[in-house]
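**Q** Following this message is one structure expressed as structure tokens.
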There are 2 protein chains.
Amino acid sequence: MDCLGDQQGRSSSASVLARCCSWEAVQRRLPFLYWIPKYSLQWLQLDLIAGLTVGLTVVPQALAYAEVAGLPVEFGLYSSFVGCFIYCLFGTSKDVTLGPTAIMSLLVAVYTSSDKSLAILLAFLSGCIQLVMGLLNFGFLLDFISYPVIKAFTSAAAITIGFSQVKNLLGLKDIPRQFVLQVYETFHKLSSTRFGDAILGFLCIAFLLALKWVKDHFPRTYRGMPRCYRFSYIIIWVTTTARNAIVVVAAGLVAYSFEVMGLSPFVLTGKTAEGLPQFHLPPFSETVGNRTVSFSEMVQKIGVGLFIIPMMGVLESVAIARAFSSQNNYRINTNQELLAIGLSNILGSFLSSYTVTGSFGRTALNSQTGVCTPAGGILTGLLVLFSLEYLTPLFYYIPKAALAAVIICAVAPMFDMKICKELWKVKRIDLLPFLATFFLSFWEIQYGIIIGILISLIIVCIPVAQPKIKTTDTGGLHMMVMSGLSFPAMEYLRDAIYKTAFEVSPPRSLNLDFSHVNVLDYSVVIGLQELIHEFQSQGLSLSFSGLQSEVLRILLAADLDGFKHLQNIGSGVHYEEECTEPLLHNVNKSQNH
Amino acid sequence: MDCLGDQQGRSSSASVLARCCSWEAVQRRLPFLYWIPKYSLQWLQLDLIAGLTVGLTVVPQALAYAEVAGLPVEFGLYSSFVGCFIYCLFGTSKDVTLGPTAIMSLLVAVYTSSDKSLAILLAFLSGCIQLVMGLLNFGFLLDFISYPVIKAFTSAAAITIGFSQVKNLLGLKDIPRQFVLQVYETFHKLSSTRFGDAILGFLCIAFLLALKWVKDHFPRTYRGMPRCYRFSYIIIWVTTTARNAIVVVAAGLVAYSFEVMGLSPFVLTGKTAEGLPQFHLPPFSETVGNRTVSFSEMVQKIGVGLFIIPMMGVLESVAIARAFSSQNNYRINTNQELLAIGLSNILGSFLSSYTVTGSFGRTALNSQTGVCTPAGGILTGLLVLFSLEYLTPLFYYIPKAALAAVIICAVAPMFDMKICKELWKVKRIDLLPFLATFFLSFWEIQYGIIIGILISLIIVCIPVAQPKIKTTDTGGLHMMVMSGLSFPAMEYLRDAIYKTAFEVSPPRSLNLDFSHVNVLDYSVVIGLQELIHEFQSQGLSLSFSGLQSEVLRILLAADLDGFKHLQNIGSGVHYEEECTEPLLHNVNKSQNH
């Protein structure tokens, strides 16, 4: 039982407190208490292999994604270990691994303009927002983001991120960040391509693609396999799985050799900060030049990113958790996931991390390697800490083109246009939010997402906007609304009433039967008030019948001028029969004034 | 009949063409053809009085609103006459008067940063968007903006606009535009108030308030009134109605007297362009310094304003038209209104107008004065043209504090917080979109509006997200979904299925009865695919029954892997009885691969 659940609204505060402090509640908030008592040596073995595998992927990816975020490479690693430890304690999915991702890095670049202090502050604030959302059980908000919107955003992000790396692949300089200008300038400056970078970059891509192909097409291992086969199998598996690390190390060695020979054919990563990040408060103000930028100015700079980044972070992580929980047959708790990711971001920000979320690629790797519990993340985290402590001096020689190749190969599968064909075949109207999100995302990411969500919600609301209305004319004019009335339906109802009552001669009084109306919002109340006045001004009356108690409460609370309602004997479901002898309750307020 | 209506989808193109060119269609597109044959001398008289009255209000307001938009004062007048003439031909409401308004001026200031060329281009583009929306019958989109969102936005705008004039009222300089900074700087610089401006400004406000009070409390005229009473009544009516013009003229005279004496106690409007605006193409590029800003750069600068401004323009105008048509018992045509306002903006932009929309204050004045047809607007337009041709040299002497007073008195009634109490009483959840829109509008107008709309749509969708589900267990496990399934409902359905089928031991196969499901979207299809896989992975099956033809088409088009459906004999409404002997149609795709 969740101590913040809405079912407990009516219980006494003492019992709520008791339930909050119960063992179940503690277990719910610290899910590792579920699996730790059952932990076995076999699980440990599998978790260690998975942790190591993910670690070998996260280190090169972290360096590359920091580049996407426009931050120094060490920030990628700073962001890669806190999530592993925190998620192990608070996460509800065994597969998810938190850390820097391509999309989150892109968003951070957009909303912080690659300012370190802003990025760290944003991680802290996003974490707070996610934590509060989790504590308030706001996870349901994620259900209002439709699949076509997510797909369109991901595809657009894949193109944006992939293209942003073309400049590093070709060694181009002074390329602006805005997508349209970037495409223009990249093509404009194509002639100043540095051949060293381009050759290395394309070689790395070819290598990564080849290793991926081998991984995908390699036959699976089986029990009775001869030992020599088995051994070569393991070598191939390790090579293909750790391909990012291998490519980056190889490219680094090549670059080092050239440097030793006194040649510099590649743009290198260059000097990076060494050692572990220091633990200190996130920066609540910063000094630029000789001016102090205050907290409120920093928040203003981040702007709508403060809404988009926590939402997208949670969305990405929860979508991945749902996908793998569904594949591996376990259940996740959305609100607890929110909590875990929020805490990771908050604590991370004390260690110079930028915003983290669930990584699809590494989560898939984790799952395939056969991870048993989130404990696998501990080894991943330790591996990142080890790299930070001992390997940073070596990062100097990593060519930027090699990191660009890693990113391009990582985001390419995110681009998926087959869905267009699917949508055309299955449900054409869902192409609208897809296309709107896709194209607007190139212009400004937030408008892509928000307007996509808006359009998909409007599509959902179209049936709500056209409630079924039954008109009967036995003696008086009766109109029965067959479902709840929310604001999108008001004009439709008004039209129907005009056609029935006013566009006939002579105009007629009307009785509105609300027996099936269980929802009524303020905009509708205002609309009904206007309708009552229109009927009054023509010397006619608009009365209501079959009001359910909540609807009656709303209409009475609104103190409608000239409101009349007929109280039915009975439930009001079989309207025509029961309404022959209604009791007239005239609650005409205008006469009381 | 409308030639673009969706009911005509199936008729032949020839008959559509015939209908488009019919007399009714022409009348629908040129609504003045309805009233012109009936036009009488009495109507002319009333229209002339109304046109004159509105004209006396629009001239001072236009000067003041141009100041809000951050444009030279003559631009207010340039924007005040085209709409009058166009609306007379194309408008469907007798009361609405198009022209510059406080809110539209604020939006223009925000999105064009007070750049003349941008403002004119924006008018042209907004007009095109509104025209296309009208031609495509997209007026229904306005129904998705709820009353609390409109109210919150208007109240926030009233504060923003009113406060933006405090600097002119007090003669302060170098006040930034952003609201928070503006408030801070205004209070910061309070000590450098110019006393001349402040005294004049507050006197003007006092005068305007007094005259408004007299107008509101003056007894109505009646038939047997003695002539002398009647005469004084007319004088008072004219004085109170034309109070804006009187205050501005009086303040101008005072300022002129001081100038003649060699004193300058007031900040004056200063030199304005004289004469009528020239007719030329809207600026599709502009030259700033020695650089040419291209069309695409201009559009980028306007940004999301290109979406917000046409929508808000239409919303404001249609909301006003609806309010007065309801009050005066006639009907408007939303799509034709879109057309009229779109054409006004397009043609206006050829005459250096910025974006126009319906003005609430002047429309109310028009209606109260007893206008009979939109022809009243012609005199208003002529009066504006007269002012432009002959009065512009006099505008030099108008003190800015007097214009500030006019604006503050015009926007003050737009601020309405009583609605908070109403919402609390009537429907508390509607406070959410209200408060979100209100507070976010101070930060950035577009987020206020868009996020307000989003929240109110989510509230509408909450019942959609929790469809009623009936579970029966007679032999097999059956689950009946009682309404359409859209994406917000997917997680809810998944939860219900987990609880029923998986969280029991042993887990069980399930039959989903979709007899009541008439809507199904792509996100739900993807969710169902995942569910089918989960059942399969446990060696169980998920089958469907009672599929309506459209739902079946969608599911078949989606080519679901492992999709099975039972075809019912009969309608499927009385599920339990009919499902006893279903015909099993196994459409298991996985076996065909």
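The backbone N, Cα and C atoms fix where each Cβ goes, and this holds for glycine too.
If you look up TrEMBL, you'll see A:485-560 marked as domain 'STAS'. Per TrEMBL, transmembrane segment is recorded for A:43-63, A:69-90, A:97-114, A:120-142, A:149-166, A:195-214, A:234-258, A:302-325, A:337-356, A:368-388, A:395-415, A:435-462.
Describe each of these features in terms of where it is and what it packs against.
**A** Across the domain 'STAS' (A:485-560), the model assigns an average pLDDT of 90.
Sequence-distant contacts of the transmembrane segment (A:69-90) (same chain, at least 6 residues past either end, Cβ-Cβ under 8 Å): 29-32, 58-59, 61-63, 96-100, 104-106, 108-109, 113-114, 116, 119, 123, 177, 269, 272-273, 277, 336, 339-341, 343-344, 347-348, 351-356, 374-375, 377-378, 380-382, 384-385, 387-388, 392, 395, 398, 403.
Counting residues 6+ beyond its ends, the transmembrane segment (A:97-114) has Cβ neighbours under 8 Å at 54, 58, 61-62, 65-66, 68-71, 76, 79-80, 83-84, 86-87, 91, 122, 154, 157-158, 160-161, 164, 177, 301-305, 308-309, 312-313, 316-317, 340-341, 344, 354-360, 362-363, 366, 377, 380, 407, 410-411, 414, 445 in the same chain.
Here the transmembrane segment (A:149-166) has long-range neighbours at 67-68, 102-103, 105-106, 172, 177, 179, 182-183, 186, 315, 319, 404, 407-408, 411-412, 414-417, 419, 433-439, 441-442, 445, 448-449, 452-453, 456, meaning same-chain residues at least 6 beyond its ends whose C-beta is under 8 angstroms from one of its own.
Residues of the same chain lying 6 or more positions beyond the ends of the transmembrane segment (A:234-258) and with a Cβ under 8 Å from any Cβ of it are 53, 56-57, 59-61, 63, 200, 204, 207-208, 211-212, 214-215, 218, 264-266, 268, 365, 369, 394, 397-399, 401-403, 405-406, 410.
Long-range contacts of the transmembrane segment (A:368-388) within the same chain: residues 32, 35, 39, 42-44, 46-56, 58-59, 62, 74, 77-78, 80-85, 87-88, 91, 93-98, 241, 275-277, each at least 6 residues beyond the stretch ends and with a Cβ under 8 Å from a Cβ of the stretch.
Long-range Cβ contacts of the transmembrane segment (A:435-462) within its own chain (Cβ-Cβ under 8 Å, at least 6 residues beyond either end) map to 106-107, 110, 144-146, 148-149, 152-153, 155-157, 159-160, 179-180, 304-305, 307-308, 312, 429, 486, 488.
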**Q** Go through A:120-142, A:195-214, A:302-325, A:337-356 and flag the stretch with the largest number of C-beta pairs under 8 Å relative to the transmembrane segment (A:395-415).
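**A** It is A:195-214 that shares the most Cβ pairs under 8 Å with the transmembrane segment (A:395-415).
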**Q** Write out how many residues of the domain 'STAS' (A:485-560) are helix, how many strand and how many coil, based on DSSP.
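**A** Each residue of the domain 'STAS' (A:485-560) counted once, the result is 41 helix, 10 strand, 25 coil.
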**Q** Mind checking which residues reach the transmembrane segment (A:337-356)? Cβ under 8 Å, same chain, six or more beyond either end.
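**A** Tertiary neighbours of the transmembrane segment (A:337-356) are 29, 69, 71, 75, 78-80, 82-83, 86-87, 89-93, 96, 98-101, 104-105, 107-108, 116, 119-124, 126-135, 138-139, 277-282, 309, 313-314, 317-318, 321.
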